[in-house]
Amino acid sequence: MEKMPFVLGSNIQGGELVVTFPYDKTRSQGVAREQTPTPDDHVFRWLAFSYASTHRLMTTANRRVCHTEDFAKEDGTINGASWHTAAGSMNDFSYLHTNCFELSMYVGCDKFPHESELPEEWENNRESLLVFMEQVHRGIKGVVRDLQGRGIANAIISVEGINHDIRTVSLRPPALNLTIDCVSSRQSLLMPKKCSLQSQSSFVLRA
């Protein structure tokens with residue numbers, strides 16, 4: 001993540017219908033549940049709500065509860081540490097050590113849905129995924145330059161009232177090599193329609 005300067009991320013899980021956001025680890029020693037907000041709590045709450053509110057089930061009042069907690073009453077979102085503490089989560093690491101704001105999306109009650117249920121699960125989450133990705137364009141964007149107009153990497157950017165700095169990165173991140181293994185265009189909902197059986201496609205993404 002140091003080489004590829006992501007600013008927004010998510011990890012998708014199953015077994016519940018809720019979006020969690022940092023911090024995931026409680027501040028108080030030995031406390032299993034405790035509201036533990038980041039300095040950017042208002043941003044994380046918006047990001048979480050942008051996903052949950054456009055999901056087909058997360059905020060539906062009459063849906064069945066996955067287990068014992070009805071997260072629909074909380075708009076389908078919750079601070080990770082107030083649900084259950086988790087030390088060393090990717091969400092906390094990303095926030096503390098990179099410029100990336102990362103959340104956890106629990107996208108279905110069934111942790112291991114059957115293959116026949118995948119089309120419906122995709123429809124449940126499709127709009128949410130698109131809306132979430134669109135949030136990357138929110139906020140202030142720009143380039144820090146020196147007197148000669150050259151970009152400055154590793155410059156610290158501080159916002160008054162928010163105790164969390166970010167750093168600028170190189171204007172030209174390295175190329176990202178992406179390889180996609182195709183199992184079957186009918187079974188894999190995200191693959192191109194022309195993806196043939198047992199084929200492999202390679203792409204190079206550049207800034």
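Any Cβ shown, glycine's included, is placed from N, Cα and C.
Marked as domain 'Peptidase M14' by TrEMBL: 1-136.
Residue counts for the domain 'Peptidase M14' (1-136) under DSSP, helix first, then strand, then coil, are 50 helix, 23 strand, 63 coil.
Per-residue confidence over the domain 'Peptidase M14' (1-136) averages out at a pLDDT of 93.
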